[in-house]
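Going by TrEMBL, these are the annotated features:
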- B:129-418: domain 'NADH:quinone oxidoreductase/Mrp antiporter transmembrane' (DOMAIN)
- B:6-22: transmembrane segment (TRANSMEM)
- B:34-52: transmembrane segment (TRANSMEM)
- B:110-129: transmembrane segment (TRANSMEM)
- B:135-151: transmembrane segment (TRANSMEM)
- B:163-186: transmembrane segment (TRANSMEM)
- B:206-231: transmembrane segment (TRANSMEM)
- B:238-259: transmembrane segment (TRANSMEM)
- B:271-292: transmembrane segment (TRANSMEM)
- B:299-317: transmembrane segment (TRANSMEM)
- B:323-343: transmembrane segment (TRANSMEM)
- B:364-384: transmembrane segment (TRANSMEM)
- B:404-427: transmembrane segment (TRANSMEM)
Amino acid sequence: MTTPGFVLIASVGVLYSCGFYLLLQRSLMRVVFGILMLGHAANVSLLLTDEAITLPPLLSGGSGEMSDPLPHAMALTAIVITFGVTTFLLALAYRVWLGDENDEVPDDVEDRRISKLTEPEEPS
Amino acid sequence: MNALLAVPLVVPLLGAAITLLMRRTPRSQQVTATISLAAVVVDAALLLWHTWDGAVVVSQAGGWAAPLGITLVADPMAALLVLVSSVVLLVVLLYAIGQDIGGLSRAMPQVFHPIYLVLTAGVCLSFIAGDLFNLFVGFEIMLTASYALITQAPTRARVRASMIYTVVSLTSSILFLTGIALVYALTGTVNMADIAGKLGAAPPELRMVLALMFFVVFGIKAAIVPMHFWLPDSYPVALTRISAIFAALLTKVAVYAIIRTQTLLFVRDDVTSVLLWVAIATMIVGILGALVQDDVNRVMAFALVSHIGFMIFGLGLNTVAGLAGVIIYLVHHIVVQATLFLVNGLMRQYVGHTSLRAIRGLTTVSPALAVFFFLPALSLAGLPPMSGFIAKTALFQAAVTAEGGWLVGLGLAVGVLTSLLTLIAIFRIWTRAYWGTPLPDMVEARERLRSGPNTSGLRIMTAMTGVMVATGVAVAVAAGPLAQVSFTAAVDLLDGGAYVEAVLGRGSG
């Protein structure tokens, strides 16, 4: 295993774990950052599929060896998609904040119903 | 042949571009959108005609041979699903146009039409994509359009619900991308027919990990238990026309992807016990959720989760009869689920909300509405002679003949129980909302609606709901040919040879 390969693998691991950790937070901003990190993790793992990742893509100064261009193409497509959707998510998070002045993810509707059932009734 | 496969993708996208330019003229937007979708319907019918005997239609985009180029494939199952989806999309579009003409919706029609057409392109591409990465792109086109659609007429509740919906879908998309990376690392290709040949040589442990990974990815999108929590919180919040399309199509596209990957890529020849367990849990958890809801749309959302379980059950049987049952069930459920949401939309027009607590006597308010609800509702519960009965019979027959021991028996029992519980959920809505003396404000609301300045909108909406109900009845009437093509499709799916040969054979020759 070459050094860049190891560094990439390690960073994929870190990105996935941080991404999922942030995804499970209550604050929507952190959730957005979690999605961002997960997107990066997926893109880097796409690049990792090529063993010759250290070689230049397409042209390589006449030696004839080059890295596989397909993962690059797929990662590019995926970057465009995650970029666009992240922008949309940021706009949504902003709208939520404008509406409620907090960006916490609310409890599940069913959870709220159940907790309402267990609340002691107001003395009438 | 090439043009047939390109139309469901290119025409809606072109239509989206044109409708985007026509923002200032709503009438021409409506006409363009309708023509684009009608073209897709005609094209899908032609595709089905070409694949009727089990043939597989293939198009190599740009002349690049598989597995290098982009391959579009239509086997009988894909063609059938494109046809049914485009019919439902067209009818819901006309319903939405009626709503806009009547001025009965707070949606922005100028934005709705382009995004709706993009969604159509995404759904069709997902069905006919021949490689995993295009399946991903198809899903993303569809989902990105759905993110925008779910926030139409934004309220605070809607923005919050759409945030959760977007995050959950996006997480599963990223896992999907990771899965593609793993498959590519293992086989060096993303073409599904090519992977099918190469994955057989991979270590069984790796194959199992990949199979589970793809099952989780599509399972989140299909809302199978235990990954269903997002659906009942997000779908019912959206505008009715949008939740109708989401409930009818988005989860079914994911079910299609599960079927495609599990039958083509991860071939096995016995009963898949994981799928059966998941199916049993999905059926029972979903319907128990539906029984305690107070909102008609939420009842339908939970019933939707529950009925996804039936499809996974049929897939888990891993027999031709089981898969044929799943395909019939898919067709039936797409139509019926869309109909029920459209009926709820009409109900919202009459009453102003969908909460069961404050609706009485809808039968008196609008007898047509009662009929429109009753027929698809009985079909959902699986009573004869509706399409649901045919779909469930096909599935249960497959289960009886399958060799799977007690687990299949348990699934069968839970399936029958779920059908009965669905009937209870349906009758809860019926007795609460449709029977009884209408509340005074409901009669007033009806008179206001009927004497409004523009009643043609409401008439179009009612007519389109009627068309959907009739389509549901037509599915039952056409059960013979439907069963025939489903069996052809199921044989194709389980065999896989025709698919692989059609994709690779013609390309390498």
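Glycine is no exception: its Cβ is also placed from the backbone N, Cα and C atoms.
Heads up, TrEMBL stuff is auto-annotated, nobody curated it.
Here the transmembrane segment (B:299-317) sits against the transmembrane segment (B:404-427); at least 3 CB pairs are under 8 Å, leaving out pairs fewer than 6 apart in sequence. Within the same chain, residues 139, 164-165, 168-169, 171-172, 175-176, 178-179, 182-183, 186, 199, 250-251, 253-255, 257-258, 261-262, 265-266, 274-275, 278-279, 281-282, 285-286, 301, 304-305, 308-309, 312 sit at least 6 positions outside the transmembrane segment (B:206-231) and bring their C-beta atoms closer than 8 Å to a C-beta of that stretch. Sequence-distant contacts of the transmembrane segment (B:323-343) (same chain, six or more residues past either end, CB-CB distance under 8 Å): 77, 80-81, 84-85, 88, 91-92, 95, 240-241, 243-245, 247-249, 252, 255-256, 259, 263, 297, 300, 304, 307, 310-311, 314-315, 317, 369, 372-373, 376-377, 379-380, 387-388, 390-392, 394-395, 397-398, 461, 464-465, 468-469, 471-472, 475, 479, 482-483, 486-487, 489-490, 493-494. Under 8 Å from some Cβ of the transmembrane segment (B:110-129) lie the Cβ atoms of residues 5, 8-9, 12-13, 15-17, 19-20, 23-24, 26, 29-30, 32-33, 36-37, 40, 72-74, 78, 81-82, 85-86, 89, 93, 96, 100, 135, 137-146, 148-149, 152, 245, 249-250, 253, 256-257, all in the same chain and six or more residues away from its ends.
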